[in-house]
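What follows is one structure encoded as structure tokens, with my remarks underneath.
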Amino acid sequence: MNSLVRRKQVDSVHLIKNDGPHQLAKKLSAVDLVAIGVGTTIGAGVYILVGTVAREHTGPALAVSFFIAGVAAALSACCYAELASRCPSAGSAYHYAYICLGEGIAWLVGWALVLDYTIGGSAIARGITPNLASFFGGLDNLPVFLARQTIPGVGIVVDPCAALLIMIVTILLCFGIKESSTVQAIVTSVNVCTLVFIIVVGGYLACKTGWVGYDLPSGYFPFGLNGILAGSAVVFFSYIGFDTVTSTAEEVKNPQRDLPLGIGIALLICCILYMLLSVVIVGLVPYYSLNPDTPISSAFGDSGMQWAAYILTTGAITALCASLLGSLLAQPRIFMAMARDGLLPAFFSEISPRTQVPVKSTIAIGVLAAALAFFMDVAQLSEMVSVGTLMAFTAVAVCVLVLRYVPPDGVPLSSSSQTLSDTDESRAETENFLVDAIESSDSPLLGNETARDEKYFGKRRKIAAWSIALVCIGVLGLASAASAERLPSFPRFTICGVSAVILLGSLITLGYIDEDEERHNFGHKGGFLCPFVPYLPVLCILINTYLIINIGAGTWIRVLIWLLIGSMIYIFYGRSHSLLNNAVYVPTMTCTRKTTDHLA
């Protein structure tokens, strides 16, 4: 069990000499990060989502749902921004969980992100084929080498176009991060220009017709507050993608400044575009007249602009290509981070000295994603994508609480660790670390006052740790009971009440006690700080947990099977190959001082 809770050093990545050709190249600026964030977030789903949500949940108030969902996504973005600037690593949420929550949860988070990036990338590639076919007059008119074919006898529909697109993107990613980000910026610009075209031209047409979509007897809120909130839960998933930015952290020139900027600006741009698009589309035609499959194309067609369908299709294709590029960009870097920690084979951690990207990992992920897109109809697996991302969002919010109230107070040192090489000198310094740690705690010069302070801080850390654990328990109980509509009223409201008391009591406790002073020594300084702690992270945990619980039972069964497979890999490989095996933990301040001297 100790292996599940062992935590690695926050700066283990940065203590490696990072100026050689075998490290990731620092070439990205804030502008590059914004392009990656916007491109990965704005998928083609928004071209369909507006019609479905407006018809079934919100009516003309669709923009309000997008705003609420944007605020909810911003909560997670704030948590990501703090951790990304404090401990920039290609591992993203996996890395944050490893240094705050332990190896076991970190592995599950990293394994769950495979759902988001690899399976999600395959689903995206499959979605490009029908959009591309519209330029050829339909799927049946595609060239033979691109057309979908059914394998006789087994009924499997293969999609060579999707597989080919994935391999093209994989080759592009192998050329280097700057080349990939440049292409991402170009493709994203085309997509954004398409959305601006829809907003401007659609707004002009709506002005000519008098914004008929808002002049309805049912008013602006035909489905009431419940409809607005239900719509927000659906459109929240259109904001997923900004977290891809954090997987490029080791390739950013100034991560403390640019990572928070990239995350925040990307999310703001997406929110503004979504809201303006919603205002125009539901104003152009009555919400009940929107085509649920092609709402924007149909709205323009009803206004006599059938030719606009080609522009919209171009936008959908570029949106999918940008999302695909972002997915295949992030996954190899997360696997690279896991391999550097010993949890995956070292093959995934190798970096090309010429292009300074994890070429082998990128090719492996590309081949896997291409095979999935070629052979499998991943539509049934697409819902699993959201689970992986929401699990990461939740873990990151918990990490912020841990960082502020119970940051790691020990640093792992061993002959196999990443921080020191296996030499006689290194072993001698490790012994000195232990001696210094013991002497610093037993020195008579510290006196009884220091002992009392240590006792107080130790008690405060225990209270904070239990409060964070009870917050998670309260959130889980409250979200579960609130979602259990088939549960009888009495037990349902009882569980809600008890869970709410646990949640509020723990939250009040966290708000009352002081944050740990060691948080100032955690990671890099001068970056973004998440505001309104502990309230903002707890609200983030509550929202994400509610969304996770409300995902269908069939999807959850598939997710649990996937996590079980990952657990087996960890038990039989990762646990025994972890670099933290037989690690010795010493006080953070002692190690920080000695490590600094060693590096100097």
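Every residue number used here counts from 1 along the chain in the order it is shown.
The backbone N, Cα and C atoms fix where each Cβ goes, and this holds for glycine too.
Remember, predicted model here, so these are calculated numbers, not experimental data.
Relative to the membrane, Asp341 and Asp409 are listed by Swiss-Prot as lying on one and the same side.
Counted over residue pairs separated by six or more positions, the transmembrane segment (361-381) shares fewer than 3 Cβ pairs under 8 angstroms with the transmembrane segment (493-513), which leaves the two as not touching.
It is 463-483 that, among the stretches 221-241, 265-285, 463-483, 529-549, 551-571, forms the most Cβ pairs under 8 Å with the transmembrane segment (493-513). Counted as Cβ pairs under 8 Å, contacts with the transmembrane segment (551-571) are highest for 383-403 among 153-173, 383-403, 463-483.
Residues of the same chain that lie 6 or more positions beyond the ends of the topological domain 'Vacuolar' (484-492) place no CB under 8 Å from a CB of it.
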